[in-house]
Amino acid sequence: MEESRVLHWGTFRAVLAILQWWGFNVTVIIMNKWIFQKLDFKFPLTVSCIHFICSAVGAYIAIKLLKVKPLIEVDPEDRWRRIFPMSFVFCINIVLGNVSLRYIPVSFMQTIKSFTPATTAAYKLKMMEPRNL
């Protein structure tokens with residue numbers, strides 16, 4: 001019975017995280033589109049830079065001040081081999097997403113990006129299944 005309760009709580013947290021990610025994602029994309037169209041702002045790299053600064057400040061507040069998550073110490077070799085390539089791809093994703101907002105409608109972009117957390121959660125659940133060897 002206890003295992004079932006833990007499984008339901010984990011599923012609830014996953015669904016809640018996906019909905020939260022989707023809500024923030026929609027808000028950021030609509031705000032960026034508004035900045036580019038209504039304010040006629042022509043610098044998507046600046047918007048991306050502001051996005052990264054806000055993410056860094058939010059992470060600092062969550063980790064150092066609120067202690068929501070523990071600080072994870074990473075080996076310097078792992079930073080360059082594992083974290084840097086993923087960070088680079090993430091930055092390119094954000095920049096290209098902001099640049100594309102000038103040329104494609106938000107609905108198309110949102111449809112494509114909305115699959116990311118659900119796909120990740122499904123993959124994680126698949127990896128957690130017991131395997132018959």
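Each Cβ is built from the backbone N, Cα and C atoms, and glycine gets one as well.
Annotated domain 'Sugar phosphate transporter' per TrEMBL: 15-122, in sequence order. TrEMBL lists 12-31, 43-63, 83-104 with the feature transmembrane segment.
Summed and averaged per residue, pLDDT over the domain 'Sugar phosphate transporter' (15-122) gives 82.
Sorting the domain 'Sugar phosphate transporter' (15-122) by DSSP state (H, G, I as helix; E, B as strand; all else coil) yields 86 helix, 0 strand, 22 coil.
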